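Undergrad: The structure is given below, and queries will be raised subsequently.
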Amino acid sequence: MSDSHPRGQAALLGPAEVRSLAAEFDIRPTKQLGQNFVHDGNTVRKIVAVSGVTRDDVVLEVGPGLGSLTLALLDVVEKVVAVEIDPKLAARLPTTVAERAPELSGRLDVVLEDAMKVLPSQVPAEPTALVANLPYNVAVPVLLHLFAEFPSLRTALVMVQAEVADRLAARPGSKIYGVPSVKANFFGEVRRAGAVGRQVFWPEPKIESGLVRIDRFEVPPWPIDAEHRRRVFAVVDAAFAQRRKTLRAALAGWAGSPSEAERRLVAAGIDPTARGEVLDAAAFVRLASVQPPSVSG
Ligand code: SAM
């Protein structure tokens with residue numbers, strides 16, 4: 001069956017290729033590293049299409065694994081910087097690309113590093129987009145770390161556990177709205193961008209997957225420097241640590257006392273009897289900006 005995307009130059013990985021690559025290097029997928037490899041060309045082409053990346057983009061791919069998504073990305077973009085924590089997988093990736101897309105090999109850089117720690121100084125080009133099938137157990141911290149540390153990233157399209165995708169894209173007032181929703185929305189607009197079934201992976205995970213897209217605010221509505229981010233994230237963490245309590249009670253520890261929490265909430269224009277789940281990112285930013293009482297004497 002032909003598909004709607006233009007035929008690329010890379011020979012994508014199917015089930016037989018994924019298994020033989022894994023067997024060749026005795027790669028036993030581990031749960032700890034969230035190793036579920038995609039063996040379906042249509043899925044990786046869909047991820048690339050939904051990400052909207054073009055020839056002008058430098059893509060940061062986290063966890064390239066055996067190279068399923070990497071090959072589809074190389075067909076489309078100028079450069080892929082692939083950050084992989086597993087030394088065997090990182091070492092094999094350039095060979096896989098040389099075998100399956102020799103004319104695209106020059107577009108790939110592999111960095112052997114933990115994506116929770118990687119910094120711009122370790123990456124040979126400024127990435128403009130993050131496109132990744134993220135390791136599920138660290139998906140949210142990786143996403144937040146990369147948006148914080150790589151200001152050049154203007155967009156992200158990531159595959160994560162469906163439930164995490166829903167949480168990231170949740171809006172205030174919803175039961176699943178929480179810390180990941182607010183923190184992701186601190187950087188940009190977040191939305192669900194599709195669903196992916198289990199059968200496209202080897203090994204097949206027990207859970208469904210979902211796509212999330214984040215477009216960084218072109219003009220940030222608030223300062224995004226590390227110090228401001230730390231202050232905003234601290235109050236977000238405090239508000240949701242006891243999400244069933246009123247904000248006045250939940251934020252007592254953060255503010256020093258219930259009455260000081262109330263004072264700051266009122267100063268930020270927030271009802272002290274409300275719960276954290278109704279506040280949008282802008283409200284958390286206002287709350288974090290209220291000055292503590294001045295210490296006199
Ligand atoms: N992109 C491949 C695909 O779609 O088939 C593999 C995706 S698999 C869900 C996650 C990948 O992330 C694995 O290759 C795993 O080794 C790697 N990984 C896990 N934790 C990581 C981390 N902290 N930093 C970088 N890579 C990591």
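The chain as shown is numbered from 1 upward.
Keep in mind that glycine also has a Cβ here, set from the backbone N, Cα and C atoms.
Straight out of TrEMBL:
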type    : residues                                   : note
BINDING : Asn36, Val38, Gly63, Glu84, Asp114, Asn133 : S-adenosyl-L-methionine binding site
DOMAIN  : 43-218                                     : domain 'Ribosomal RNA adenine methylase transferase N-terminal'
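Could you place the listed features in the three-dimensional structure?
TA: Around the Cβ of Asn36 (S-adenosyl-L-methionine binding site), the number of neighbouring Cβ atoms within 10 Å comes to 22.
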Undergrad: What is the total of other Cβ atoms whose distance to the Cβ of Asn133 (S-adenosyl-L-methionine binding site) is within 10 Å?
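TA: Within a 10 Å radius of the Cβ of Asn133 (S-adenosyl-L-methionine binding site) lie 28 other Cβ atoms.
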Undergrad: Across the whole of the domain 'Ribosomal RNA adenine methylase transferase N-terminal' (43-218), what does the mean pLDDT come to? Round it, please.
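TA: That region's mean pLDDT is 97.
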Undergrad: Would you measure the largest Cα separation among Asn36, Val38, Gly63, Glu84, Asp114, Asn133 for the S-adenosyl-L-methionine site and round it to whole Å?
TA: 21
